[in-house]
Amino acid sequence: MSTHSSISQPPLPLAGRVAIVTGSSRGIGRAIAIHLAELGARIVINYTSKAADAERVASEINDFPVREEITGKGPRAIVVQANVSEPSQVKSMFDAAESAFEAPVHILVNSAGILDPKYPTIADTSVEDFDHTFSVNTKGAFLCSKEAANRLKQGGGGRIILLTSSQTRSLKPGFGAYAASKAAVETMVKILAKELKGTGITANCVAPGPIATEMFFDGKTPELVEKIAAESPFGRVGEAKDVVPLVGFLAGDGGEWVNGQIIPVNGGYV
């Protein structure tokens, strides 16, 4: 009796596609980049200042077993330094992807973002910190989306996925500038999805709740972390692995009919 079905590997739904994942040297972005690579995509690992971390992610992906479905020249993953709030650097990031993989970009996941670990009230938020938050979180999402809208492959498979936050719904004190910067992105993506009519490119936001990353823990006491965990129906904060399956679904063909949506993934936190 043939044992082919028991030893055959599962199909790779993103084989032959190129994905840029911003802010993917660590945290949720890192987990997303690895997951999309596991689904067959070739990946741009983007970072701003953590070069060694980005190289480790790319090395991990490039060490994946060879699969014949993954076609195209070059490595499975490359590393590109780019500040998403700088237009020329965003353009260069797309240029690098097209050059390295000799193919158009199919998927943009914008995971780059910052959060002020001082958690100031709006009254105590400095103008400089406010501007910096919006520069990265909002302007960065805008610039990446703008470039993607003009350069992603059209006719099917084009995906723009922007990470926002469940803070736009929980409205916790101390997150004023951060939540506002993410809420702006959520409004923008709803309009973007309509403007992309006829291209076959979808645009959505994924809005995680509290996720156990370096950015989440920064500035929080153990007592505060426990309090946040207790607010979840699961009694814990989320992990990056709780977010990546949704991003993988949206990036694939099965997610085509999901468009212009803000999708919370927070375990019932909000």
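Note that Cβ sites are derived from N, Cα and C of the backbone, with glycine treated the same way.
As given in Swiss-Prot:
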ACT_SITE  Y178  active site, proton acceptor
BINDING   26-50  NADP(+) binding site
BINDING   S165  substrate binding site
TRANSIT   1-53  transit peptide
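Overlay of Swiss-Prot feature records on the structure.
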{"residue": "R26", "record": "NADP(+) binding site", "Cβ within 10 Å": "19"}
{"residue": "R30", "record": "NADP(+) binding site", "Cβ within 10 Å": "24"}
{"residue": "I34", "record": "NADP(+) binding site", "Cβ within 10 Å": "21"}
{"residue": "E38", "record": "NADP(+) binding site", "Cβ within 10 Å": "15"}
{"residue": "R42", "record": "NADP(+) binding site", "Cβ within 10 Å": "28"}
{"residue": "N46", "record": "NADP(+) binding site", "Cβ within 10 Å": "31"}
{"residue": "K50", "record": "NADP(+) binding site", "Cβ within 10 Å": "14"}
{"residue": "S165", "record": "substrate binding site", "Cβ within 10 Å": "28"}
{"residue": "Y178", "record": "active site, proton acceptor", "Cβ within 10 Å": "23"}
Requested in this report: Express the distance between the Cα positions of Y178 (active site, proton acceptor) and N46 (NADP(+) binding site) as a whole number of Å.
Outcome: 22
Requested in this report: For I34 (NADP(+) binding site) and the residue listed as 'substrate binding site', determine the Cα separation and express it in whole Å.
Outcome: 21
Requested in this report: Tally the residues of the transit peptide (1-53) by DSSP class, grouping H, G and I as helix, E and B as strand, and everything else as coil.
Outcome: 19 helix, 11 strand, 23 coil
